[in-house]
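Listed in TrEMBL:
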type	residues	note
REPEAT	48-78	repeat 'PPR'
REPEAT	154-188	repeat 'PPR'
REPEAT	359-393	repeat 'PPR'
REPEAT	498-532	repeat 'PPR'
Amino acid sequence: MNRHAWLIKLGLDTNPAVVTRLINDCTQSSSCNLNYAHKLFDQVPQKDTTLWTSLISAYTRSNHPLRALQLFSLMTRQPGSTLKPNHFVLATIARAVASSPHHLPLGRTVHAYAVKSGFLPANVVLGTALLDMYSKCDMPGFACKVFDELPERNLVTWNAMVSGYVRNGMEIRGLELFYCMKCVEFCGPDEFTVATVLAGCGRARDLVFGMQIHGYAIVSGFEAVFVNPISNMYFQCGKVCCAERVLDGVEGNVVSKLVRIRGYVFNQRYRDVIDYVASENNMPGIFEVDGTMYVPLLSACAELSLLNVGRQVHGLLIAMENSSEEDGAIIGSALINMYCKCNSVAEAQKVFDAWPTAQVALWNSMISGYMYNGLVENARELWEEMPEKNVISWTSMISGYVQNGMPREGLSLLAKMYSHGDGSRVEGNCFTCVAGLEACSHLTNLEKGKQIHAKLTRTLTKADIENVVIGTALVDMYSKSGHLSHAQTCFELMKERNVVAWTSIITGYAFHGFGFRALEIFQQMMEMGIEPNEVTFVSVLTVCSHCGLVDKGLQYFRLMREKYRIIPREDHFTCLIDMLGRAGRLDEAWALVDDIEEGETSDGCVSGTIWAAMLGACQLHGNVEMGRRVANKMLESKKQVSMTYVALSNVYAAAGMWNEAYRVRENWRKEGNIDGGEPGLSRICTSLQ
């Protein structure tokens, strides 16, 4: 201010060159004063291009892109002015548009003016700003065109293009460009390039390239700087042990602790989250730095049903009170989700009612929580009361209906959304369509499923349709609707296939009786290094049971336990009993039941479903003695009593012991165990007399 007074005294306060220097000084310092800079600017009657550029740049640097764009518009429309924007102004406007993408038409006008005025393709600074603008406006094709036309490129240009590819989900192209940059153009990557490429490797799940970048970072001396990006890449590629080794090799700071916790949550290692937090002494310090760190911890509590731990986190959250309004909505949603998944809906409702700002995210979380706990009517009432619904609101309701066995209502709501039946203008996204496809799968409604598939094809890019989530939903829908050829096509089009996708196609073939084809695909899955899960083995064992492949089924069961360390569940044992029973190997089936009773399962308890499979095998092969033993076991444990009487009666009937069958039904009636009315009887007239 003193300097300004001195300039006024000297009569230099209206000199464009002097004011330009003053504006640059006061806006590039730590105490940036844009209002003062603008007052200085307004006092100059004859403004030159450099003066305009200085103020436009100041607004752009200070994250006020709209004000910068308004100034540029004012500059070009000055009555009687002969001012013409130079390449510095144009580059500044391109940066402003990059921060405000809905002004892209102005950015394209700037591009056209730059070409017409001869600034492009020669000017590398302007070219870099334009390609960065196109990248941040989700137009990587235009960015690539600008990049290719530049006769020379500097390090900033290369970094902008690599970053643009990664930002727009084209990680492979970004990695290829990094290789060209390193090997062809003699323009060595710097720290920014390495960080960008590591992020791209993580997003693309490209472990091989990520390990190469890790090696390059070690050779270049960057490893110590990039501990967190490197470990984050390993977490995203599912290599938790590698990420832990990287983090364990350095002294942990707050950021590295955040990376570790988020990495555990990303890989669904919720127990590791709890154990790590419990082992650290300075956890409150982490929350002071980043309030959103409550979210992964609450997610872990939700998935592990650790209600008391979740309450402690909630208490810590109240004590700290350091979250912004935006973070508050995220944390509030996480709290509601935690309480609902721990089956404490009342506490979730208290959080929802007490939260200071009723944002849409909290409404959506409460609706999802109601649906998770089967409270469909509560969810519907809350949804109707919502003052504003977004796409997540609609998707939560549709998927909630499907999860609660009401797929028709889900499809009806989907149709209402797309017809804008309630006056809203919400357009569904890929997750909405996935929920609709799940409803079609439950109803085996091929026609509706095809309509949703067609909509996906029209509205999404080819890369989006080949996404594993959408691809798996399509495979499941076509499989359950009986169109295995369509399911196979969708499966083959998927660029990335996880265990859920493989299991879906295997289950589809198994369900429709193509057992050998299902086993063939299962073999391909293992050869590609995809680890099967519990559900995969249920389908595989079912195939072996229905195809009579007993020895192969036993081999797969051993493989499941010994190689993949999967603890057998009730449905695995049921498949195994059914498989042995169908093959007439009842003694082996009985021995397996004995093993289960001795603690083969986690609780050492034989479920009613396993006993029912055993009793069905006795009926199939007319083994009355073993059938009696099984029935007695079931009646002693009071499991599926009515079904036991019916099945035992059928065992006697299959063996031609009609009197015994009748006696069992009479006992059933006398003991009052009839759930659905009197047991049915039939008579056959064998003589007209």
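Here, residue 1 is simply the first one shown, and the rest follow in order.
Glycine is no exception: its Cβ is also placed from the backbone N, Cα and C atoms.
Heads up, TrEMBL stuff is auto-annotated, nobody curated it.
Because the structure is a prediction, the values reported are computed rather than measured.
Away from its own ends, the repeat 'PPR' (48-78) comes close to residues 16-17, 19-20, 23-24, 27-28, 32, 34, 37-38, 41, 84-86, 88-89, 92-93, 95-97, 99-100, 103, 106 of its chain (Cβ-Cβ under 8 Å, at least six residues beyond either end).
The average pLDDT computed for the repeat 'PPR' (498-532) is 93. Only residues 6 or more beyond the boundaries of the repeat 'PPR' (154-188), in the same chain, are considered here, and those with a CB under 8 A from a CB of the stretch are 124, 127-128, 131-132, 134-136, 138, 140, 143-144, 147, 196-197, 199-201, 203-204, 206, 209, 213, 216, 463. Note: the repeat 'PPR' (359-393) comprises 26 helix, 0 strand, 9 coil (DSSP; helix = H, G, I, strand = E, B).
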